[in-house]
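Pulled from TrEMBL:
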| type | residues | note |
| --- | --- | --- |
| ACT_SITE | 69 | active site |
| ACT_SITE | 128 | active site, proton acceptor |
| BINDING | 94, 96, 128, 154, 348 | Mn(2+) binding site |
| DOMAIN | 180-269 | domain 'Peptidase M20 dimerisation' |
Ligand SMILES: CC(=O)N[C@@H](CCC[C@H](N)C(=O)O)C(=O)O
């Protein structure tokens, strides 16, 4: 079977995953591709490691935007791919390689077959952190081409290829990163009574944090506290002077976010008192929820049911995922939908292998949708 252009592009991008705001090779790859397209309808601007591309419409009433993220994750890849990451310890494990290939496919389609409205393609850095959406929105480049509506997708391992899923209203949660540093008194492993062991303190704290969801959050509400990284100590026979917990908080309301943070602060105070140590908490970067504008999303869902051809629509529930695309949706009407890529491993897993046939499914669906949207008043 021959590999289509955009599948090949996805594979090329898969090999060069880069952290947020360091997407230098990725930006160059995308610019090299864009420069080879016919330029008469195109205007290209770079912003930090991101890119904004305007495709001029034939009789514009508005500007329709499509956003893709660009960054990779600090994960050592374990796929069976012959085109595995060339950047050791980094991987496109959240589908941003697929998202970028789809964006280029759409852009190419509209360069060849322009529609009435202007189109704006946003290649946005740093979705996984520290967040590129907000500073991109605040940039002069964005202000110059500010769109009237905005759309995006995210790959979904759990849905079959040919299926998409979305809903009006809240789709993804509010997020906050969480970093807790504990400092006590280190010492010799054989003299525990002369030290304050931060491995023990940190372990107690991880366990206590689990009680926030089970004991403090209303069972009819939803929230997540995940500690994804726990570090402490230097050697097996040295009592640890320091421990560090790194995690993330997810909630559907700002009230629940405040409650979770207040409980974390109380529990950390308890650890300080109980283990005679000092602690500091840093909430890092937080994202607002992804809230799909109701009218546009409902109209899109109806359109897919009626005109989606080979695409099946799933009306899904909200998820605890975070996405800084939520910031665009706070100011500009639009929505995000899940794209089925059927694979047994989930997002952020070292073995995830999204089905590449979904790339063409997305390009076909969104190019038809934008063409239809551009014909509406
Ligand atoms: C789609 C996706 O997986 N997004 C990330 C966003 C992470 C935001 C931030 N770094 C955090 O960890 O809170 C996710 O983990 O949901």
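Backbone N, Cα and C define each Cβ position, glycine as well.
Bear in mind that TrEMBL entries carry predicted annotations, made automatically and left uncurated.
Sequence features annotated in TrEMBL and their locations in the structure.
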| residue | record | contacts (Cβ under 8 Å, 6+ apart) |
| --- | --- | --- |
| 69 | active site | 94, 96, 99, 100, 124, 125, 127, 128, 132, 325 |
| 154 | Mn(2+) binding site | 95, 99, 321, 323, 336, 337, 338, 339 |
| 348 | Mn(2+) binding site | 73, 75, 93, 94 |
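Cβ atoms within 8 Å of the centroid of the Cβ atoms of 94, 96, 128, 154, 348 (the Mn(2+) site) belong to the same-chain residues 69, 71, 73, 92, 93, 95, 127, 347, site residues excluded.
Within the set of recorded positions 69, 94, 96, 94 have a CB atom less than 6 Å from some atom of ligand 1. The Cβ of residue 94 (Mn(2+) binding site) has 25 neighbouring Cβ atoms from other residues within 10 Å, across all protein chains displayed. Look at the domain 'Peptidase M20 dimerisation' (180-269): DSSP puts its residues at 38 helix, 30 strand, 22 coil.
The recorded positions in question are 96, 128, and the one with the fewest Cβ neighbours inside 10 Å is 128.
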